[in-house]
Amino acid sequence: METLIILLIGILVTVATYLILSRNIIRVILGTAVFSHAVHLLILTMGDLKRGSVPLLKEAEAPYTDALPQALILTAIVISFAVTAFILVLAFRAYQEAGSDDLHELRGTNDE
Amino acid sequence: MFSVNFAIILPFIIAAFVPFIYRRFRFIHIGWFVMLVPITLFILLARLIPSVASGQTFTDTYQWIPTLDINFTTYLDGLSMIFGLLITGVGSLVILYSIFYLSTKESLQHFYVYLLLFMGAMLGVVFSDNLMVLYVFWELTSVSSFLLIAFWNHRKGSRLGAQKAMLITVSGGVAMLVGFIMLHTMTGTFSIREIISSISGFTDHALFMPAMILVLLGAFTKSAQFPFHIWLPDAMEAPTPVSAYLHSATMVKAGIYLVARFTPVFGGDQVWFWTVSIVGMITLFWGSFNAVKQTDLKALLAYSTISQLGLIMSLLGLGSVALHIGYSTESVIYTQATFAALFHMINHSTFKGALFMVVGIVDHGLGTRDIRRLGGLMALMPFTFTVAVIGSLSMAGLPPFNGFLSKEMFFAATVQISNADVFSLQTFGIVFPIVAWVASIFTFIYCMIFIFKTFLGPAQPEKLDKPIHEAPMGMLISPLILAAFVVGIFFFPNLLGNYILRPAMSSIYPTFGDAFNLTPSISAWHGVKPELLMTIGVVLVGAILYKILKKWKPIYGLFSQKYTFNTLYNNVLSLSEKGSGVVTRGYMTGFLKDYIAYIFGFFIIVVGGFLFYSGAFSMDISTNAPIRLYEVILVAVMAIAAFAMLFAKSRMTATLLNGVLGYSIAIFFVIFRAPDLALTQLVVESVTTALFLLAFSHLPDWKKEKTTIKTKWINGIISIAMGVLVMLIGLSVLNYNKFETISSYFEDAYELAGGANIVNAILGDFRGFDTMLEVVVLFIAGLGVYTMIKLKSEKGGDKE
């Protein structure tokens, strides 16, 4: 199972990297979103998969699965959401001001 | 009890207040207020002269970074006392002078802040016992010198001069820092006193020689020694009070201080002796030789300063030979070179300070300092003329002025050293008196130029913009005081010798026991000796050469302007500017894509390279959890969705595919026993997708990307490399179980935090601060979103 998930992570990272390297700003943002999916899965996989029970003390029997990666991912999900929202609005504003969503055209040349 | 630390800190504190006071009392020249600082410090220091003269030293330690052996330790002994008195004494006079020199229309608050910064830094240099602290103050003097040279920053010359001074002195400073670190490596301490007492065991250490050379580089750049002297003439763009203070009396003597301070450390070594004395001699000759051809009075004084600094430097080199021989009644004779160095340094500060002020008066009053336009000022500027004559004759080494005494001692020291029987001096030693004598002839000539071309001869009022007139009384006070010292020291030299120079001698020769023996009685007349004959020769030959100056002046035309150190400096500077421009423009393309590619490329090369190099990769699928069919289907769905995103024709499809990924991950979270994550992921994914769709209504449709096949290939390779690398790392880390997991600690969540949900307990209790900061991130992001939308709507655009 772990090997399979890591293979999936590899695919996600590849796709995300390719998207981030594009010129269109929306593709870049989508790339970061896919990247965070990959990272979340990676963190979870590092804590071993499908071993032990749900980390709810009163609901399940010991041994419990590793709860620490879960706490980390929970934080990461929220932060990546915040960042995605922020750069989306940034892209929207950049388009409003500069009239383009192409990062090559958005490149500033005035102060060189 | 007066603390020396306080003396260093005081100028900095006052500097912080200067702008406020300046604003509050605009009608008073701020200099009057600033002048109180050096006067106070001078009095405080002067009160300690008797204790220091009786051999007492003062130390005070303020712990700074004790773990790194860096403490703000000050040390007041005879040597630092001389410098302390010069800095505060000349500082007071220069500020007094500057009050009349700089009108209230200049940005005085800046000027005096810089000047106080310099004063504090310079005091820090001479009073610091800790080398790291000394270094910090050392660089601070370079910075304040930079600011002061560029004070009239609307002039191009000022800016270039400041840059040159900064670059040269700071590069020397950095070399010196490396030298200090080497000293620390050898001796295990940054304290100068401890280094001096323990250095004898390290003279054969491999770092001893490099450390010496590096420390000397610092000293030579700062004291404008050949070939680093080129910054000093350009530094003359500074206002004259600055030139008088920094670039003749104090800052350029920091290198002298450093050499004197380190003489007990390196002094017994042959390399030290030859380097310091030869460099000093070359500087002495080259400075005085070039001073003769100058037409700008300040440039003349600048070269003269270079030459005099070389003289002092070479004397320190000659004096170090005594440390090689060791203490005996015979070797004491060689220490007199060092004594002469210190004596001449004080004398130089007095007469050169006065001369700079004279030039300042001429420049300020007549609007020029070009000797081709000046002449005949004597009759109309009698006081200025008097000071100029006193200063120049002292510089030329004539009685009855203090320069005569130290110049005689200098000649005596060079003659003495040529008879020494160490370092094969009996063969080469004769060079020293010859160079000294020739250089002194040129010194005599430019002193005559200074007097005759400026003050005597026919007046040329038609070449001047302003009528010739005597300076205001205020401007004359400081030069007259300095001139009084020039004469006073001649008549009472032993006062200076016993109270100021003797304790300094015992700082430089700590192993020589009774300092009394090291202090010769200075007298103007000591019979017909070689030094007196040399002086007479200088005057005779100098006078003749001055008379026929026009005949031999073409000699200077023989030196090609193509091969000077200035050209070298300019070429190096412009080439490095061009080079760094090319390099920077080469990779700073301004395209996000490129920067991302650098980051990924770096990651691939460094992390991947290390993974490969260290053989960390390992793989073991035997411990894997079992796979169910629906899990395989889910993985396949995600993989297909991910690839489909690459080829999505519309942004809508891509966003929905991203949603597919997000929801699939939520299902994986369920399978992997993470219900909290699944819930959060579902909510966040829904909101994110909605946000994307919302943004689309304001953004243009996707156009086909105009990327070349080559770029696509490069991007593809980077992407695949990233994917593979992350996979390899993931697989290796899975097999890495050298440490116990720490999660079992959190399984006591109910007892420790009162929560049955371990994940919640971690977030809300164990790592509560992290969660709080996470909320802060959310808050800031929300604030950013809000602001960006708000800014737009104020401009009258549509609302989101």
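Indices start at 1 and increase along the chain as displayed.
Glycine is treated like the rest: Cβ placed from N, Cα and C.
Features as listed in TrEMBL:
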- B:6-22: transmembrane segment (TRANSMEM)
- B:29-49: transmembrane segment (TRANSMEM)
- B:65-112: domain 'NADH-Ubiquinone oxidoreductase (complex I) chain 5 N-terminal' (DOMAIN)
- B:128-431: domain 'NADH:quinone oxidoreductase/Mrp antiporter transmembrane' (DOMAIN)
- B:133-153: transmembrane segment (TRANSMEM)
- B:165-183: transmembrane segment (TRANSMEM)
- B:195-221: transmembrane segment (TRANSMEM)
- B:242-259: transmembrane segment (TRANSMEM)
- B:271-289: transmembrane segment (TRANSMEM)
- B:301-327: transmembrane segment (TRANSMEM)
- B:430-452: transmembrane segment (TRANSMEM)
- B:595-615: transmembrane segment (TRANSMEM)
- B:717-736: transmembrane segment (TRANSMEM)
- B:717-790: domain 'MrpA C-terminal/MbhE' (DOMAIN)
- B:771-789: transmembrane segment (TRANSMEM)
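The list of residues near the transmembrane segment (B:165-183) in space but at least 6 beyond its ends in sequence, with Cβ under 8 angstroms from a Cβ of it, reads 131-132, 134-135, 138-139, 142-143, 145-146, 149, 190, 195, 207, 210-215, 217-222, 228, 230-232, 234-235, 258, 265, 569, 573. Taken together, the residues of the domain 'NADH-Ubiquinone oxidoreductase (complex I) chain 5 N-terminal' (B:65-112) have an average pLDDT of 90. Taking residue pairs at least 6 apart in sequence, the transmembrane segment (B:133-153) and the transmembrane segment (B:242-259) share three or more C-beta contacts under 8 angstroms.
Counting only same-chain residues 6+ beyond the ends of the transmembrane segment (B:717-736), those with a CB under 8 A from a CB of the stretch are 597, 600-601, 603-604, 607-608, 611, 616-620. Ranking B:29-49, B:271-289, B:430-452 by CB pairs under 8 A with the transmembrane segment (B:301-327) puts B:271-289 at the top. When each of the listed stretches B:133-153, B:195-221, B:430-452, B:595-615 is scored by C-beta pairs under 8 angstroms to the transmembrane segment (B:271-289), B:430-452 comes out highest. Remark: secondary structure over the domain 'MrpA C-terminal/MbhE' (B:717-790) totals 61 helix, 1 strand, 12 coil, with classes taken from DSSP. Residues 277, 281, 284-285, 287-289, 291-292, 294, 297, 300-301, 303-304, 307, 311, 314, 318, 355, 371, 388-389, 392-393, 395-397, 407, 410-411, 414-415, 417-418, 530, 534-535, 537-539, 541-543, 545-546, 549 of the same chain lie 6 or more positions beyond the ends of the transmembrane segment (B:430-452) yet place their CB under 8 Å from a CB of it.
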